[in-house]
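Sequence annotations record features per position, and here TrEMBL assigns substrate binding site to Arg43, Asp100, Asp101, Ser102, Lys142, Gly159, Asp160, His237, Ser238. The feature Fe cation binding site is assigned by TrEMBL to His113, His138, Asp139, His211, His237, Asp270.
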Amino acid sequence: MVTICIGKVDQAKGQKIQLDVNELVSNDEFALPENNAFGNSFRDYEADNGRKDIVEQHYKSSHINQTYDFVKQMREEYMKLDKAEMGIWECCELLNEVVDDSDPDLDEPQIQHLLQSAEAIRKDYPNEDWLHLTALIHDLGKILVLPKFGGLPQWAVVGDTFPVGCAFDESNVHHKYFKENPDFNNPKYNTRNGVYIEGCGLDNVLMSWGHDDYMYMVAKENGTTLPSAGLFIVRYHSFYPLHKYGAYSQFMNEEDKENFKWLKVFNKYDLYSKSKLLVDVEKVKPYYESLIAKYFPAKLKW
């Protein structure tokens, strides 16, 4: 296991504490399953599981339509936070209406994925309640597919994320479809760094629009007290070209690199906890409601 340390503020003393993940994890650590709910390898986009065509069509639409201008337009629209006012748990319940078309590993309602991830992390990191809550909220932005929140097509809500404004790295899933994206041949956007400079920080890089950036925006603008690592996880948990291949890492600054260590911890629970074994929602609800009250206001603007 890799030793991971991150600075955490002791609010009583205003000092930073170094947390060693090896010391935080329980002895009975989460075991990675070999296969997903359909009996195939995880993130196997060629597996014929009845979802292959749906998933590929999703990425085709995403790669063609996610342009630099489109992302700027979406961020400007949703920064208004004028779609609804509700609490975190109320939003969790809305996810019962959402199934992710980009996911080859699961076709259950999204609230189950949130709780499966959160409960697996809770078992291994019992004292890191911020990480449990981060797992619970990380996909809440998927409500963007619902009519009340704009009814966006799934290609503008779910799936792997990637930077726009620079060349589309070949590590992106179904990369071939980027050739139909208007930015692909635009000399302003099709170089390795595009409109960015190395080390500028991921916060200064526009990512393809979707639930990650939206939920980050909602959490930050509503004054969450989650640590920066939690917000980083929410914002970049679908950035698989970076997670898996190190693509676009030239844009990371030192804070990104520290937070990325926690994202790597989170990632295995996000990916490998997906299961047909469902969590008893009512049993765990009181615990997560207590965390929500600790880190979020009762009502948030969405």
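Cβ atoms here come from the backbone N, Cα and C positions, even for glycine.
Here the CA atom of Asp270 (Fe cation binding site) lies 15 Å from the CA atom of Lys142 (substrate binding site). Its own atom aside, the Cβ of His138 (Fe cation binding site) has 25 Cβ atoms within 10 angstroms in the protein chains shown. Checked against Asp160 (substrate binding site), the binding-site residues His113, His138, His237, Asp270 differ in C-alpha distance, with His237 being the nearest. Distance noted between the C-alpha atoms of Asp139 (Fe cation binding site) and Ser238 (substrate binding site) is 10 Å. Residues Leu114, Ser117, Ala135, Lys142, Asp212, Val234, Ser238 surround the recorded Fe cation site, their Cβ atoms falling within 8 Å of the Cβ centroid of His113, His138, Asp139, His211, His237, Asp270, which are themselves excluded. Of the listed binding-site residues, namely His211, His237, the sparsest CB environment within 10 A is found at His237. Figure note: comparing Cβ neighbours within 10 Å for the binding-site residues His113, Lys142, the maximum is reached by Lys142. Each residue contributes its Cα atom, and for His211 (Fe cation binding site) and Ser238 (substrate binding site) those atoms are 9 Å apart. Distance noted between the C-alpha atoms of Ser238 (substrate binding site) and His113 (Fe cation binding site) is 14 Å.
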